[in-house]
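Everything below concerns the one structure shown next.
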Amino acid sequence: MALKTYQLLLIEDDIPLAELVSDYLNDFEFNVTCVNCGQDAIAHVKNSDFDLVLCDIMLPDINGFELLPSLSLSPQIPVLFLTAMTDSVSQIKGLNAGAADYILKPVDPEVLLARVRANIRMMERRTQSTALTLGNLFLDKATAQATYHGKRLDLTAQDFQIIWYFAMRGDDIVDRDSLFQDIIGRTYDGKDRAADLRISRLRKKLSAVGLEELTIVSIRNKGYVFKYWAHLNNA
């Protein structure tokens, strides 16, 4: 049985290194597309479907931190930094910005392959999951129902969609552009409050049944993030 082939975008301005990485990964279950600058990367992610992105930080036209939001068109697609910036400040910045992983150069090819595969597996578990338990909260995607302490919550289909959407993203910040495209179904114009209103109504419903440990937190100038306090406190 043939292995599934995954589409991988490699953003690297060091041409010899890009060729080495792509040649190595192409020998396995990956089809690697290489670009050498941020603008080319943006064009590719808009016009092609990728399963994973490997991105250098020090690019000739834009740094990887600034490029990251344009690469994260779908929160399900992991973006991994592959960089020579080894300081802890950069690593924390990259992971807090939403990168799925931060890989330091030079990296052993087998280690790189293992990290890429691990992130692919995590992505597939997220997309294929049909049920999720967070403490006393149970989410059933197949029926679009949520129960808390065994009692069904009175949620609309859209309420459930919002909870599931955020729960699948863990601690990742969801920007308003992505939220509007994926939940509201239109482009965010910078003023539209539809998403804010729906999240506010959902918060009130959850609070009304005593589900205080779950909330969707607003991050100023960035978007929203899902927090399940009981889950975090037990981690």
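Each residue, glycine too, has its Cβ placed from N, Cα and C.
Annotation source TrEMBL lists domain 'Response regulatory' at 7-120. Positions annotated as 4-aspartylphosphate by TrEMBL: D56. What TrEMBL lists as domain 'OmpR/PhoB-type' is 129-228. As annotated by TrEMBL, DNA-binding region applies to 129-228.
Here the DNA-binding region (129-228) returns a mean pLDDT of 85 for the predicted model.
For the residue listed as '4-aspartylphosphate', the count of additional Cβ atoms within 10 Å of its Cβ stands at 26 [all protein chains shown].
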